[in-house]
Amino acid sequence: YCGLFGDLCTLDGTLACCIALELECIPLNDFVGICL
């Protein structure tokens with residue numbers, strides 16, 4: 001599974017965004033971010 005647009009992600013990569021959709025994990029704090 002990979003995170004879709006608007007999904008949460010973790011900065012350590014355990015919850016990653018879909019690279020194939022060119023989504024990046026934009027940090028919200030020191031631990032989590034959002035796929036945009």
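Glycine residues also receive a Cβ, built from the backbone N, Cα and C atoms like all the rest.
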Checklist line | Recorded disulfide counterpart of Cys35 (Swiss-Prot; options Cys17, Cys18) | finding: Cys17
Checklist line | Swiss-Prot annotation, disulfide partner among Cys9, Cys18 for Cys25 | finding: Cys9
Margin query: With Cβ-Cβ distance below 8 Å and at least 6 positions apart along the chain, what are the contacts of Cys25 (disulfide bond)? List them in sequence order.
Written below: Gly3, Cys9, Thr10, Leu11, Ala16, Cys17, Gly33, Ile34, Cys35
Next item on the list: Have a look around Cys35 (disulfide bond) and count the other CB atoms within 10 A of its CB, chains all included.
Entry: 20
Item checked: Lowest local Cβ density (other Cβ within 10 Å) among disulfide-bonded residues: Cys9, Cys17, Cys18 -> Cys18
Checklist line | Other C-beta atoms that fall within 10 angstroms of the C-beta of Cys2 (disulfide bond) | finding: 14
